[in-house]
């Protein structure tokens, strides 16, 4: 018996090898009918209410026949469907007299067992029918018990596949109308079904893309693949309950298609997913619009937040519902902290009351208003705003709030205030101010310009400054000035102008070019100070200086005549003695040709010496108003030829240290007068001192921009309490009958005003600090212009 059942089991199993689906069901009913020796075996599926059943495989007399459906009521199958095994070896029609099908088929015996799904619910039945009494009940029960589980698994799979296939077909029909693409993913085999519409979205025909997982994965944008795989994993591992994601897939033409992907998985009784079904929706057009809207919104936000203006929106209750970054910065609060607040929560009561009054005015009049207003920042500083409030309306035109745009005009307010002050200063300025365009046409003059020139503002605007031209400055000089300022440089100088009534007036003028944003000259500004009286005073001072120079020169002339008299004594004595010797020789009859010749030559030599002295002094007194190119050493030699003997006759050593080889352009006679004056003062100081080895050291050295002349003595120096006074006019340390007090004053005037140099004095010290003498320092440029400036 056992061996027989084992053989039957083996035969059935062999028959079922490599079969599934409908083939499986047909093979098993044939095999079981043969093994059980019964007439009929069928497998039936129950409907959801268990009222009816439909066979899915039926064998009759060893053949597969057509399936049929029947009602379960009053049949043994109804009892089987209630989760019980029924076994009736004979007289089945007597037990179920209302089952007409059994009667018609002449059935004697009935054995049936329920088929359960993975949740334990009865989903079908397997039944064996015999026209004769069943003798092998136990064998049939054993076979049912062995194969009912396998049949149930295959039935459940078939039900699911059929259900899914039907669902897929219905879904494809629905998606075909909605242009969506279907995908069906078998998670156990990793097989993937992709509908034709799915492929069409990417520009492919159905046969151009294979139904593989790689087809889906490889066409996803590299920036999206990681995120979408993460979402799939999260959904399948029950971390999320819904799978939905937006991503990009590559079109056949190389463009990117935006896809909205959604899906739902099927899980077994252990919660393990075995299938996932979903669809793709092409949202490229809506995504493009969404991106454009986002771009525009972002752009608008960027524009609003980039604006320096304070922009805010309030609702009907005057609470903030939007604001820009400038507003947030102004109130020192974040966007979140501002929204929902009123002015009373952001500003002090005084400011809040003012803002509320303006807001209500806009709302009550239902129109825009603008006003200037001061606002206090949270840090206490004040700002001045031009605020424009407008009505906020919705798409239906209903008022929903207020939009405010506040422009910080604090700088402009302060600038305007400064401009008003500047205008006041310009109008009251004692300096004439004139502005012209780049062509020299007058565009602005202040009141002082009219007061000085006699022309009204209206008479000057649109004219050229040449209206003041007097002819004092040549056309060539005017061109130089114009070229100078046109090149972007500042010019300073004096103008001699003619007023409206023909009178002359002088102005000290500075002309500055103005520039545009490209750094090009676009006009000129002239600041002019009237110096007519100053010019007259300057001329008077010059005349006085000339008088004082003449006085100084006359005083020097007296000293020079005294020197001449002193220097002539010896030559005259020699001449007189020579003449007496000749006369004596004549009286004594001792005159011979040789002695007469010697005496005559000596007289001639002495007269030549007298003549040279006269030439030297004549050169000193000769006017020297013209500029000369001359070595400073040569000027010193001329000065020394006048005063040198007087110095040497007083046993004073003169040391000359010359380290210069460059000529200077200067008035040599005036410099010579200064050198003689310094040397004479040094001589007199040494004569009065008790110094044994009296010395005067003169050095001439080349410096970077000219020459430096230093004259030092060792007469003990100048007292510290008077050294700063020696350049004052009429100040002298000499006896009143000896000096005039003008020598050093005029020397400083000549050097610094006439020759454009520097004249200084200091005492020379030993290292230990002992004073050994006074030093006079003269610095002269290589060239001096007519204004006395180097």
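Each residue, glycine too, has its Cβ placed from N, Cα and C.
Feature list (source: TrEMBL):
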DOMAIN    167-239  domain 'PAS'
DOMAIN    243-295  domain 'PAC'
DOMAIN    296-366  domain 'PAS'
DOMAIN    368-421  domain 'PAC'
DOMAIN    418-464  domain 'PAS'
DOMAIN    491-543  domain 'PAC'
DOMAIN    563-784  domain 'Histidine kinase'
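The domain 'PAC' (368-421): residue composition by secondary structure is 12 helix, 30 strand, 12 coil, according to DSSP. Using DSSP to sort the residues of the domain 'PAS' (296-366) gives these counts of helix, strand and coil: 43 helix, 10 strand, 18 coil. Per-class residue totals from DSSP over the domain 'PAC' (243-295), listed helix then strand then coil: 12 helix, 30 strand, 11 coil.
Along the domain 'PAC' (368-421), the predicted structure has mean pLDDT 87. With helix defined as DSSP H, G or I and strand as E or B, the domain 'PAC' (491-543) counts 12 helix, 30 strand, 11 coil.
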